[in-house]
Each structure stands twice: as C-alpha cells, then as structure tokens.
Amino acid sequence: MASRISSLKFFSLLLCSIAIVQMATAGDPDIITDFIAPPNRTVDGNFFTYTGFRVLVGGGPPPTAFKVLKATLAEFPALNGQSVSYAVLQFPSGTTNPPHTHPRSAELLFLVDGTLEVGFVDTKNNLFTQTLQAGDLFVFPKGLAHFQFNADSQNPALAISAFGSANAGTVSIPSTLFTTGIDDNVLAISFKTDVATIQKLKAGLAAKP
C-alpha cells in the first residue's frame, strides 16, 4: 500500500510538471537571462533542487488539520523569474481550505487521492462546483474566490496545485475580513448583521490554533 501511494505521488508530480509548463505564460515579468542567481554565490545543482516535499514520501504521520506544503519563491529561490510554483494540499477527513484568492495566478489542482468538493465564484457571482475523484484536474481562474473541502468523514485527500507564478499570493477571505482590524460597524453593515455577531466571528478566528 505504501509503495502504491508513493508511486501515485511520483506520478502526480510528473503530471503536474507537464501541466505547469503550460501555465508558465502567466503574470510574472520575463527575464533576459536563463535564471536569476543570488549575488555572491556559486550556483550548482543544489540551487535548482528543493527537498521540502520529501516528508510526503518518508512515511511520517498524516496531519490532523488541513496543511499546505509550498514550493514558491519564498521557499525555493531558484523559481525567481521562472513563473512556476507548487503547493501540496493535505486534507484530513472533514477539513477545508477556506475561501481564498490567488491574485497573481490561476491554480491547476490535481487530486492524487481521496475526493474533494471544490468550487469558485466568478465576477458575475456565478458559483461553479464539482466533486473531484482521484485523478481529476480542476482549474481555478486567476484572482477568483475559491475553496476545497474534503467531505469524506473517513478518508483523507491529497492534492497538488500548480501555479503560473513563482509567487501567486494567497488572500484568505475569512482572515482578511475578520483578523485585520476592519471596523466592526463596517462589517456589520456590509453583512447586514449586528456588531455582536461580527465580534463573535472575530473571536472565533482569533481562537483558532
């Protein structure tokens, strides 16, 4: 079973590698060199290698809450100027990746294992949803609010997302609205509720581990 999961993960990484090449025409500025090397450093193969995903094949315990492993410009400096990045999404049963946006890239999600409820809302407030099975791909258009939810009460899900930017950015809608200090009255009027309800929402997010 362990070897089968490892093979699936390897295959998914290979498939997404092909897919991400097709996304590399996204919004990052073009560069006029082969790559951007850090100053005052000798560049060798190590610079172009990222090992942060080895934990996925090392047989460690699965997470107990939703977890994201990233390979973006921040974690992998060799991506600078290459218009590509990855994220591995681990969903224990019943967990969600809350509504959020990526302002600088579309997201191409490949579901490696399990099932996921996914969706996004366009600029006309149309909701597009789908139930994904292992092996499915789903694209979230650039800048649109979207989510993923593992509705399976027994089994985890694993997905890999490819981005056409080395720094796609993530704007969490709950955190942006309720943890950044926006005035309670502004939020209460916007959501057509009262200040007490807004304060409960803020307290709930503040208490989240």
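Even glycines carry a Cβ here, placed using N, Cα and C.
TrEMBL: automatically predicted annotations, no manual curation.
Taken from TrEMBL, the feature oxalate binding site covers Asn97, His102, Glu107. In the structure as shown, the Cβ atom of Asn97 (oxalate binding site) sits within 10 Å of 23 other Cβ atoms.
Annotation for His146 (Mn(2+) binding site): spatial neighbours Pro99, His100, Thr101, Glu107, Val118, Gly119, Phe120, Val121, Phe140, criterion Cβ-Cβ under 8 Å with sequence separation of six or more. Look at TrEMBL and you will find His100, His102, Glu107, His146 tagged as Mn(2+) binding site.
Per DSSP, the domain 'Cupin type-1' (53-199) is made up of 25 helix, 57 strand, 65 coil. Under the heading domain 'Cupin type-1', TrEMBL lists 53-199.
The feature signal peptide is assigned by TrEMBL to 1-26.
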Fewest other Cβ within 10 angstroms of its own Cβ, chosen from the binding-site residues His100, His102: His100
Sorted by sequence, non-His100, His102, Glu107, His146 residues with Cβ within 8 Å of centre, Mn(2+): Thr101, Phe120, Phe140, Leu144, Ala145, Ala168, Thr170
8 Å Cβ shell about Asn97, His102, Glu107 centroid, oxalate site members excluded: Ala87, His100, Thr101, Leu109, Phe140, His146, Gln148, Ser161, Ala168, Thr170
